[in-house]
Amino acid sequence: MEDFVRQCFNPMIVELAEKAMKEYGEDLKIETNKFAAICTHLEVCFMYSDFHFINEQGESIVVELDDPNALLKHRFEIIEGRDRTMAWTVVNSICNTTGAEKPKFLPDLYDYKENRFIEIGVTRREVHIYYLEKANKIKSENTHIHIFSFTGEGMATKADYTLDEESRARIKTRLFTIRQEMANRGLWDSFRQSERGEETIEERFEITGTMRRLADQSLPPNFSCLENFRAYVDGFEPNGCIEGKLSQMSKEVNAKIEPFLKTTPRPIKLPDGPPCFQRSKFLLMDALKLSIEDPSHEGEGIPLYDAIKCMRTFFGWKEPYIVKPHERGINSNYLLSWKQVLAELQDIENEEKIPRTKNMKKTSQLKWALGENMAPEKVDFDNCRDISDLKQYDSDEPELRSLSSWIQNEFNKACELTDSIWIELDEIGEDVAPIEYIASMRRNYFTAEVSHCRATEYIMKGVYINTALLNASCAAMDDFQLIPMISKCRTKEGRRKTNLYGFIIKGRSHLRNDTDVVNFVSMEFSLTDPRLEPHKWEKYCVLEIGDMLLRSAIGQMSRPMFLYVRTNGTSKIKMKWGMEMRRCLLQSLQQIESMIEAESSVKEKDMTKEFFENKSETWPIGESPKGVEEGSIGKVCRTLLAKSVFNSLYASPQLEGFSAESRKLLLVVQALRDNLEPGTFDLGGLYEAIEECLINDPWVLLNASWFNSFLTHALR
């Protein structure tokens, strides 16, 4: 029988039948009659559909294959022969677009002219018996049944045979031919007698024994047995009626579905108040580096040695003084702290051998700056149960802050190219499989686009600072250790370079829990005059500490050098994530990769090379008040990387909340743009949830502003 099937039927039909039997665990070498029956059924379904089209007037016409009008719309959608998931997707799509009622079982075809699903039956028994079995199983008036037999008989719902007589005759002739061929080979009797009552392959695929017991134990709540759950899943409608879902909820849920139109959404309301301030753990665009090229000094690679060597490259030190005080701090203590750092570094240089680490003297100014003895004494809760007025201390609501232009400038700067190379990804061996070759090619192209990017500098700076601070917090818990803020890079010519941004002094760090805080004072070099944007530097005390000679097109010029000093704090968990900032490279690479995959699937070949080397093509980068901003693929890579880096640098509960809630509104707007006619309930509540996250965080406020630009242009 198997040989007969392979000779008698089209190879595509044979392949589909093999897949169907494999899917339900049936062996076609044993179940040869089943194999023949599936092939026959598939062929009848395809013949039913062949040559039938709908013209522009909506009339059904029969067109032979050579006819130039074959571009007309097919009258029948073939569902049989697809894998289950795809078949249900097609059925759901038809139901959504035509309003047809969803069938309980997968039908074989959909008739676009009559707007109904069709169940095709091919029987070796009495036609009317088989028809009744089908009707009892389907139990739906909306699915049309059409039965064919090998004897030339037929039966259809309400005697409506759908097809013209010639098309039906073609199918009957083919079935009669199959029967004759089987009879000639002595296969017909076995085939005819093997037909059981109406069933599907899936119904006959029974799970028994231990697997059955495990299946019944693994069901979600409210399902008594596997059959009930299977029926529920088969009938589940992903785009089902929201009202129906709501009706199953608590009686207190009272939601009315409102249509979401272009005029529905309003802009997100950003808070009023004083401008927001810089809150990153280290300076970004305003940082200044003291650098040494091709370092080869004694102790090269030891942070303190490197720092002293970098400090020696600058000769413009002067008596420091305060140019922008911290409003609430004791500014003289910040000034004294810097003087202490300079003095203790000088002491180190006077020693015969420079130590590997430097612990600062615990002076009154450092104790104040690091909050020593400032924390309230912790008392065990069990010892205060009897205190009648025990309560949590009052904390003020955070003051609302408005968006300020400096954060957009910071982001723009992070996307720019520098004149240094900040990452060198290690070689990871030869590529063996083709997929590895493609992955390496993508990684190399991406690295070339972002290795000079300022956001990549921030990654390496963040990794170094957090690693050094966590190490010191564990190794020198009671000491006020001096930690240089260092990064390493290469010049365009390939020369190594070590950079010093400033110093951190760590406070006491007995960090038992992940969230226990270690205080530190940061002192960072800069050429930015804080008086230009004083609101940005609210948390800082800024000193003028020297004059730097800069070369420019018009010759040398002197610029004042500033030191930005502030008290800050971090925790083990924050340092742990800071150490892993390189993940930002991976995240943005994956986003670029999904763009390449989308392009490749359209072109049906890998488009990596074209994607990166076609310099003339521009890509959307983001929304601005001017509209959709576009740029080269390199600019897209750097922008995505900068977004990922800023998400890490400015991580906060406000950002988590805004990202989660605004995503819901974004999905609804995208559904509207895709003409999916979305409906919403409690849109006001969603806006409330979004806007309660807009408090004072500069990065969140900027993202909200971008979201408003997107809303404006998306709904034009």
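Going from the start of the chain as shown, residues are counted 1 onward.
Backbone N, Cα and C define each Cβ position, glycine as well.
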Of the ranges 12-27, 124-139, 428-443, 476-491, the one Swiss-Prot annotates as motif 'Nuclear localization signal 1 (NLS1)' is 124-139
For the Mn(2+) 1 site that Swiss-Prot gives as HIS41, GLU119, ILE120, the extra residue out of ASP3, ASP83, ASP108 is ASP108
CA pair HIS41 (Mn(2+) 1 binding site) / GLU80 (Mn(2+) 2 binding site), Å rounded to integer, equals 9
Helix, strand and coil residue totals from DSSP for the motif 'Nuclear localization signal 1 (NLS1)' (124-139) stand at 12 helix, 0 strand, 4 coil
Integer Å value for the Cα distance linking ILE120 (Mn(2+) 1 binding site) with GLU80 (Mn(2+) 2 binding site) is 10
ILE120 (Mn(2+) 1 binding site) has its Cβ surrounded, within 10 angstroms, by a count of other Cβ atoms equal to 21
One finds that other Cβ atoms within 10 Å of the Cβ of GLU119 (Mn(2+) 1 binding site) number exactly 22
One should report the C-alpha separation between ASP108 (Mn(2+) 1 binding site) and GLU80 (Mn(2+) 2 binding site), rounded to whole angstrom, as 5
Simplified to three states, DSSP reports GLU80 (Mn(2+) 2 binding site) as coil
Note on Mn(2+) 1: the CB centroid of HIS41, ASP108, GLU119, ILE120 has further same-chain residues inside 8 Å, namely VAL44, CYS45, GLU80, PRO107, LEU109, ILE118, GLY121, VAL122, HIS146
